[in-house]
Amino acid sequence: MYILVLTVPLLGALVSGLFGRKIGEKGAGIFTSGCLIISLSWSLLIFYETTLNFSTTYIKLWRWLDSDLVTAYFGLQFDSLTAVMLIVVTSISTLVHIFSTAYMDGDPHVPRFMSYLSLFTFFMILLVTSDNYPQLFIGWEGVGLCSYLLINFWLTRIEANKAAIKAMLVNRVGDIGFVLAMLAIWDQFGCLDFASVFNIVALAPSDNTTLICLFLFIGAVGKSAQLGLHTWLPDAMEGPTPVSALIHAATMVTAGVFLLIRSSPLLEQAPMALMVVTIVGSLTAFMAATIGLVQNDLKKVIAYSTCSQLGYMVMACGLSQYSISLFHLMNHAFFKALLFLSAGSVIHALADEQDMRKMGGLIRSIPFTYTMIVIGSLSLMGFPYLTGFYSKDLILELAYDQYYLAFAHWLGVFSALLTAAYSLRLIYLTFISNTNAKKEVFSQAHEGSWNLTLPLILLALGSIFVGYLTKEIIWSFQITLSPIIPTSIKLMPVIFSLFGAGTAVVLYHYSSRIFNAPTSPVGLAGYTFLYSAWQFNYIINHFLVQNVWRLGHLITFRVLDKGVLELIGPKGISQFMIRLTQEISNLQSGLVYNYALMIL
């Protein structure tokens, strides 16, 4: 049962990838979706056994690293953390597979697409079930590879090529941090499996543990798109919309947060690293919320909301509230997948149009999709008693208790205001405002088939009820919850969210009568700064990439390639041989007495 949850998605990927022409588009969709349904069923049984019955399971399959220096087994670990992640990964992936069978209808490469999705799911399951760092790193690299393949699925588009390469290269920076962390762990502890490392971590010097945690956090920053290495995430929207839902809701971006939660015994021995994690998480939540406020691409608005919510999860890890971070990760998966798939339904209805300025008035054409996006947006905003309310507000309450990190609480609260503002802006521009769509496109907009709408219904139910149904299970993992927070602080996120939503409605409905900020010098400068994503791409390209390129051209190309290596390589050898042959040819003078002298 335990191994099947891992192998069945791999079987679906292999069959769809190798025999796609034999089974056809429908066959590939049905087979891969069926494999994921089986995997989801086993995940539910594993959740019942490990989480509800408190039965942790370890499975050693084979020894795959065996030397005098290090020994590592290929093994599986099923505990409460793994069980929750399996539910999230397999449920979201199953619904994305079903949605893709309709969304990708007519594409000539559907079997390849379904194969990539199943392979993506397999590597994520491998990542969350690993019992040691090297095996986790295999899944870590696997989801990175699959994200490259899926973002670049429409490989004839130059923007998709650039986005896929960017995602791969930016994540390489984080991967280097992860590799350095593994080397430091092995050097410090002499082992790489979780159980051994966590049992002896208290004996290690705090400085070494802090260094290990910072290296691990660099890996998490790359994968979970935190401040500085977040630039690949909005560009990943070049892939098909189901890919965006899978990457942002259940797989790749959650891997970094999972790494922090899994490594929590290490982080608890490094207070300085926890402070860095909190600072970066809170700044990411605020930064991404401000950028999402001015984006015009429907999918990019949701992408930046993902980045902001990941900041909340990382901030919770920095506050040592790992169970609450996992709770928000699980809740976020449902309403974020709902938002992305609903956005895919809108794009599908408008003949692949993604610019919100060219939409509007769709509430009459696709009312079902409108309802789904409203549910997802309200849950994202933390509207009372929806799924997001139980975890997002709890993170902010717990941040209030940290006096030396009080700024994290206020950044989080203000980010909640901005989240409500850009969520209402998305709804208003897409569905309520006067339409700017082309007449022939707008007149033909309609809801999709059952396999487009069924996943949305199930995700909507999750976005409404999952938080309420699972809060007692997740909260039971916590040792303590602060009982002294004033009621006003508890209500503050909701009040700020309602204020942000109301402000967005007023500004977009009556903006022409109130003010003309975007055309004023200050408003234009602020809008440009936010729309350009705080100029991060310019800063990275101008100050980092170009200088590295110049340095590489000067040292690697001119000094080494065209200098030292040429002298001791082909150019030096050729010049030496030419001189040698000239010296030898000079001996052949044609004079008899010279030859006689040489003989003597």
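Cβ from N, Cα, C; glycine included.
Going by Swiss-Prot, these are the annotated features:
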TRANSMEM  1-21  transmembrane segment
TRANSMEM  81-101  transmembrane segment
TRANSMEM  110-130  transmembrane segment
TRANSMEM  200-220  transmembrane segment
TRANSMEM  274-294  transmembrane segment
TRANSMEM  301-323  transmembrane segment
TRANSMEM  327-347  transmembrane segment
TRANSMEM  366-386  transmembrane segment
TRANSMEM  404-424  transmembrane segment
TRANSMEM  450-470  transmembrane segment
TRANSMEM  488-508  transmembrane segment
TRANSMEM  520-540  transmembrane segment
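With pairs at least 6 apart in sequence, the transmembrane segment (404-424) and the transmembrane segment (488-508) have 3 or more Cβ pairs within the 8 Å limit; the two touch.
Of the two recorded stretches, the transmembrane segment (274-294) lies close to the transmembrane segment (404-424), with three or more CB pairs under 8 Å once pairs fewer than 6 apart in sequence are set aside. With a cut-off of 8 Å on Cβ pairs spaced 6 or more residues apart, the transmembrane segment (450-470) and the transmembrane segment (366-386) reach 3 or more such pairs and are scored as touching. Listed by sequence, the residues of this chain that lie at least six past the ends of the transmembrane segment (200-220) yet keep a Cβ under 8 A from its Cβ atoms are 140, 173-178, 180-181, 184-185, 188-189, 226, 256-257, 259-260, 263, 265-267, 269-270, 272-274, 276-277, 280, 314.
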